[in-house]
Amino acid sequence: MSLDRSDVEQIAHLARLQIDAADIDSYGQSLNSILSLVDQMQATNTEGVEPLAHPLDAVQRLRADEVTESNQREVLQSVAPATEEGLFLVPKVIE
Amino acid sequence: MFDKTLAELAQGLERGDFSSSELTQAYLQRINALDSRYNSFITVTEEQALAQAKAADEARAAGNAGALCGLPIAHKDLFCTQGVRTSSASKMLDNFVSPYDATIVSRLKNAGTVMLGKLNMDEFAMGSSNESSFYGAVRNPWDAERVPGGSSGGSAAAVAARLTPAATGSDTGGSIRQPAALCGITGLKPTYGRVSRYGMIAFASSLDQAGPMAQTAEDCGMILNAMAGFDPMDSTSAERDMEDFTAALNQPLAGLKIGLPKEYFSEALDAGVAEQVRNAVTEFEKLGATVKEVSLPNTELCIPAYYILAPAEASSNLSRFDGVRYGYRCDNPVDLEDLYKRSRGEGFGAEVKRRIMVGTYALSAGYYDAYYRKAQQIRRMIQQDFINVLNDVDVIMGPTTPHPAFKLGEKSSDPVSMYMEDIFTLSLNLAGLPGISVPCGQTGGLPVGLQIIGNYFAEAKLLNIAHQFQQTTDWHKQIPAGVEV
Amino acid sequence: MEWEVVIGLEIHVQLATKTKIFSGASTAFGAEPNTQACAVDLALPGTLPVFNENALRMAVMFGLAVNAEIGKRSVFERKNYFYPDLPKGYQTTQLAEPIVGPGFVDIETDEGVQRRVRIHHAHLEEDAGKSLHEDFHGMSGIDLNRAGTPLVEIVSEPDMRSSKEAAAYARKIHAIVTTLGICDGNMAEGSMRCDCNVSVRPKGQEELGTRTELKNINSFRFIERAIDTEVARQIDLIEDGGKVVQETRLYDPDKNETRSMRSKEEANDYRYFPCPDLLPVIIDDSYIEAIRETLPELPDARRDRFMSEYSLSEYDAGVLSAYRPQADYYEQVVKQSGDAKLAANWVMGELAKFLNQNDTDIKDSPVSAEQLGGLLVRIKDNTISGNIAKKVFEIMWSKGGSADEIIEAEGLKQVTDTGAIEKIVDEVIANADKQVEQYKAAEPDKRGKMIGFFMGQVMKATGGKANPGAVTGILKQKLDALCD
């Protein structure tokens, strides 16, 4: 499995990462070397092995349905790049 | 006095040899004077530190001093600290002042510790050399041309240079143990779920675990006492009774069964490292332990499995950094896509982008089964290897890293060779097991770390074993040349 | 060519929990922007989700109500995509292992078409925030109060064959979730939103046509209209030699047309994977059975009981049982008045009219079931006539008060004293020579109808308060006496 320029561009787009055109090849190379490293897995027979998502065999705990949070808008928005009238501002959303 | 351990400083405070304010002032001065050599701090929180020290002195005067009261400590910069920049060593969060404290930060605060500042690290904890920090590389106090390891490189270097008696770190694939080994200090990665992840900026959620880094195992136990424990804010936090991790340090080791995985002593292992680790094992035999060879047959597979699972989780965990609610936003975005792509493209460094792309690819349509699912299956095989061996022996020992500290720039252009440095540490994160790295010798003037791996929630036992080793050896007391105490 | 329409619905139901699915922030509607979006909802670095027990309980209630298998192990996954109303850059949802497995509901349209609609599954997920498109110097504003509100997404099989069936199915789901009390059912506030998957195929063809998805429809009427519009578009397109493109379309109720959503056109690759911050949700039989014990009477059962217990028509019983607050109200009125038919007429008639005109939910009705019941008692015991009762109801609605208080204060008590009525009847007859002559001239079997005029005069003279039965009797007796 080897990625070409357009694959790298497509992945970068999916991940919403701007990559300079000049850097695409070097990213492509390192992604390919990482992928050939991880391709070592493919030779291993994993038939019938249950995937392990979490190291501990624990189950989800439930939270009581009680309001514990109060309005913290001012402090939470103090680190926001752009707000107005309590809203976070972003370039126009077109639907 | 900077050679004192946390436990010794605690005694000094208790005896009234010095106050927390004096101690804090001394460390702050030392950081200001010396850290330009190491670059281990991103932010020094002088004002808060002095205020906390004063409060600690008052608490002690009022008879309300706990074991950690008034002791200085520094936090890796991925633990959220209210009112203090929390950057994860990324341009993305250079302007992020956290509005809340991570659970471990508030626990250590409540225990009376004094925060000296925030420590350098690899950007978003992605790295094994601390070269990917937006704030510049950290230098190894043993040799300024060498890396301190990563990602908790700032934590390890600061403790090694005695700029702080103890630090917090986080470990996703070895990020506590590997820098601890390369800098000659003690670092513990607890069992997954032992320490709350709430407020620790996530790298890979199913692998991340916070832990203590200090000169000695005893100090690590003291810090872990405050860090550990169930947290209702973290769904993956283990519901267990509180333990005193300093209570069993003096248990004798007679009869301890140690397993040495044959896969850990291959030709790829540096000869000097191998020798020091074998010497350490001999030391344990003198203490009454028995040693046998064991096998972890899937050891080599942990690298590919890890380098799928961790980037996959990271690619999703780092999607929240989008320039909308906090953090870096690019100048004058023309539209939404431009906002996302440039904010993320400019805000993240190269290694972070690389891992996001690997993870994105591994999860994308058509590749999930071949990569992500396969890696999870291998994860179970690796876990099963450990379970089998730990049914037979009490602990597993081996080198923490295949080599001592390497040179700055030596591996930074080749991610794969960097990844290979994690071969002995990654598998514990995959299995969720606890491990401790203890200084066990030197090779070529550089420290070597012994990794001790225990069963789930066996931190007290690991600390006991490490502590007994440190009672008969003095590798943990070695101070790098040029570091005056 | 004859076409068959094939419809499947995805209905998003906001659960009526007090707090978000993964945080302790309030879900109350209508707060100032971002005042109910806490650190977790904003996806601040380091924050983590913890699952709300009530969201789980409500999802299981729904599953039991639609005869579904309950997932004893369910798993949250991440659906990754970038959008400003999605703070984490992924939506936490369920995919491979949802909480509710296959089930079904039975529906019936107004025309009497009956059908069993299979539910493929229903899963728990978090709602997104809202983008506000008012102009902020060319920017959009993001309000994340809604982000993290628990949703159950109910995915049907493509079992519906007309827009009316789709609307009937949506109504049935609405009736179920409101009866269970797991959703407030307020469609205008977005508590229930519907995506319709629509395709057409030549009648008799097995293979499904290419479908389009109509997004975010928030009224039953729009479900019908949007589907009808889209079906017409698809048929026109195919008959003109075109092809339906699989895409997401938006229904514009003002123009009554659907249009392609360009921004969603891009092929998405959501990169689903199990959320590592959440663990598998495991429940056992005893948990499920304990919830089953708490289930209220469901709309179908209640409809059947209304038919048998109150002898209501299937239609009336269906309407009254569809919305639990209405059904509860109705039964209270029945209890109070002792007359199920009269209660049905008033709840579906005068009360519904006033509620509609004032855009008021029955839960907020200014006239309580006790008040209405008291009014019906006075109709039954002839204290007032049905017409006067409407006047009393109007006063009750606007000013409050019990039926007896209003009747007393307004002097609306019916006149049943025959002596008084006879006097008025005599006056009316004396002043209506022409009509009396006509009455006398008419064939005896036509005379009954002609009593109406005299009746009207008597009512006019008494302000409507005369007992109509008594008036009729006396009028008939006196007029017929004149004819002899």
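Glycine too: its Cβ is placed from the backbone N, Cα and C atoms.
Taken from TrEMBL as is:
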DOMAIN    B:22-463  domain 'Amidase'
ACT_SITE  B:Lys76  active site, charge relay system
ACT_SITE  B:Ser151  active site, charge relay system
ACT_SITE  B:Ser175  active site, acyl-ester intermediate
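Rounded to a whole number, the distance between the Cα atoms of B:Ser175 (active site, acyl-ester intermediate) and B:Ser151 (active site, charge relay system) is 5 Å. Rounded to a whole number, the C-alpha distance linking B:Lys76 (active site, charge relay system) with B:Ser175 (active site, acyl-ester intermediate) is 11 angstrom. Around B:Lys76 (active site, charge relay system), a 10 Å sphere centred on its CB holds 30 further CB atoms from the protein chains shown. Spatially close to B:Ser175 (active site, acyl-ester intermediate) yet at least six residues away along the chain are B:Met121, B:Asp122, B:Ala125, B:Ser128, B:Gly150, B:Ser151, B:Ser152, B:Gly169, judged by Cβ distances under 8 angstroms.
Every protein chain considered, the tally of other Cβ atoms within 10 Å of the Cβ of B:Ser151 (active site, charge relay system) stands at 35.
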